[in-house]
Amino acid sequence: MDTSIGSQLDSCKPENSILGCPPQNGTASVQDSHCPSLVSNDATLGRHLARRLVEIGVKDVFSVPGNFNLTLLDHLIAEPGLKNVGCCNELNAGYAADGYARSRGVGACVVTFTVGGLSIINAIAGAYSENLPVMCIVGGPNTNDYGTNRILHHTIGLPDFSQELRLSNKMGLEAAVEAAAAFLNKAVKPVMVAGPKIRVAKASKAFVELADSCGYPVAIMPSAKGLVPENHPQFIGTYWGAISTAFCAEIVESADAYLFAGPIFNDYSSVGYSLLLKKEKAIIVQPDRVVIGNGPAFGCVLMKDFLESLAKRLNRNTTAKENYQRIYIPDGIPLKCEPQEPLRVNILFHHIQKMLSSDTAVIAETGDSWFNCQKLKLPEGCGYEFQMQYGSIGWSVGATLGYAQAVPHKRVIACIGDGSFQVTAQDISTMLRCEQKTIIFLINNGGYTIEVEIHDGPYNVIKNWNYTGLIDAIHNGEGNCWTTKVRCEEELIEAIEKATNEKKDCLCFIEVIVHKDDTSKELLEWGSRVSAANSRPPNPQ
């Protein structure tokens with residue numbers, strides 16, 4: 001009996017050799033399904049894949065066509081409930097799937113063999129580092145060509161068929177909860193800190209319920225912003241070492257016990273490894289592992305199960321929250337510019353704050369937008385995303401495309417620096433074809449500001465573009481798009497008013513021109529500490 005993959009696939013072909021329903025005009029890049037559901041005797045791997053994508057919640061697939069994935073794309077667009085969103089390049093298709101997964105829980109992208117796969121790998125690496133469930137589907141050569149000595153174009157593949165069963169070990173869970181409860185219940189002023197991995201662990205709700213039960217103050221790591229409601233009565237801000245929000249670091253670092261759920265401690269999140277934390281005081285809860293101080297570690301314990309069980313075992317303790325309330329000082333005098341004064345970045349974000357609601361989401365590009373967006377106070381239901389662990393400049397254009405496609409009822413507000421925008425600008429085109437209504441603030445300060453603060457040099461200066469002119473050229477009269485430049489607060493107020501009212505149903509691109517040295521104080525502090533960490537003498541080993 002022939003057991004080759006090729007023979008099995010051939011046996012699945014329909015008699016008329018029609019492998020799906022291609023686009024009507026052969027050129028559309030954003031396609032809705034238009035073929036009826038396929039019956040079982042017409043089953044192929046591509047059709048099964050399309051069906052499963054819909055079943056797990058994927059409604060949009062981001063793709064770049066190539067000669068090895070065209071038939072697969074036919075199958076995908078033939079599936080009811082699945083839309084193909086064609087992107088300008090593979091990198092942005094991957095970033096779009098990343099943004100889509102952040103909002104919808106899972107994302108998918110389709111590229112061609114090798115040339116597409118290697119082009120998208122940076123985006124997939126970023127999604128992996130951020131613990132996002134993104135599927136990259138790559139069309140391959142005909143199965144008859146595997147195992148032969150023929151020389152083909154695109155012949156590298158790295159299949160991985162491993163799969164894990166993710167269940168908590170019951171005895172390990174009980175032991176971990178007992179040890180953690182004993183550790184925390186003897187503490188005088190314990191705190192809780194949420195990290196970015198609570199997303200992949202699907203433990204945000206369990207984390208909040210634990211806080212409700214125990215009364216500890218709640219902080220977030222910078223890349224967990226948006227995963228815990230900031231209107232929670234025990235919320236004390238972002239813990240980011242020396243650049244934490246006001247009074248947050250003092251409470252966290254002075255605690256005698258801290259529970260970190262899903263943290264990532266790297267040189268960025270630790271501000272050059274300068275956090276004043278002690279291992280013996282910490283409980284570290286990862287998606288499938290719990291470590292308590294210098295003592296025991298418990299494997300095969302899922303974070304969600306652990307937090308839910310721990311909530312039933314902790315004594316209520318509000319001491320640290322009361323300490324925070326004693327030292328907290330409300331915001332002072334509101335920011336304001338003089339008439340026609342050149343716009344400052346802090347004024348820009350003062351007005352962005354007023355735009356936020358449960359119907360909006362914020363995307364922050366790598367750079368000073370990290371620090372300025374981190375200070376925004378998110379209303380309940382307001383989304384927030386940035387790429388803290390991987391920090392790949394240009395990520396936000398594709399991520400904004402994918403996020404907005406996943407939640408069309410929200411108005412996405414993207415804050416992007418000019419240097420990052422130059423990497424991936426072209427998929428503004430795809431946003432227009434998808435009829436998205438995002439507001440993009442392009443912050444034009446003439447260079448890679450975040451790199452300037454880490455290590456300055458002439459290589460951090462970029463060629464200035466006519467950004468609104470570029471977007472107008474991409475628009476080319478097709479779709480709904482509005483662009484403007486602003487240089488002072490009066491122009492900014494007018495632009496925001498127009499974008500949120502008259503132009504509320506179209507893509508709005510607002511170029512904000514600011515001084516090259518106008519940076520947040522947090523970036524100045526962070527940059528100096530990361531620079532110090534980067535410039536340590538070589539290890540003699």
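Placement of Cβ uses the backbone N, Cα and C atoms for every residue, glycine included.
TrEMBL labels come from automatic prediction, so no person has curated them.
If you check TrEMBL, you get these features:
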- ASP418, ASN445, GLY447: Mg(2+) binding site (BINDING)
- 44-149: domain 'Thiamine pyrophosphate enzyme N-terminal TPP-binding' (DOMAIN)
- 177-296: domain 'Thiamine pyrophosphate enzyme central' (DOMAIN)
- 387-511: domain 'Thiamine pyrophosphate enzyme TPP-binding' (DOMAIN)
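Known features from TrEMBL, placed on the structure.
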residue	record	CB count, 10 Å
ASP418	Mg(2+) binding site	24
ASN445	Mg(2+) binding site	22
GLY447	Mg(2+) binding site	19
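The Mg(2+) site is defined by ASP418, ASN445, GLY447, and by the 8 Å test on Cβ atoms against their centroid, the other residues of the chain that qualify are GLY417, GLY419, ILE443, ASN444, GLY446, TYR448, THR449, ILE462, LYS516. The average pLDDT for the domain 'Thiamine pyrophosphate enzyme central' (177-296) in the predicted structure is 94. In the three-state DSSP assignment, the secondary structure recorded for ASN445 (Mg(2+) binding site) is coil.
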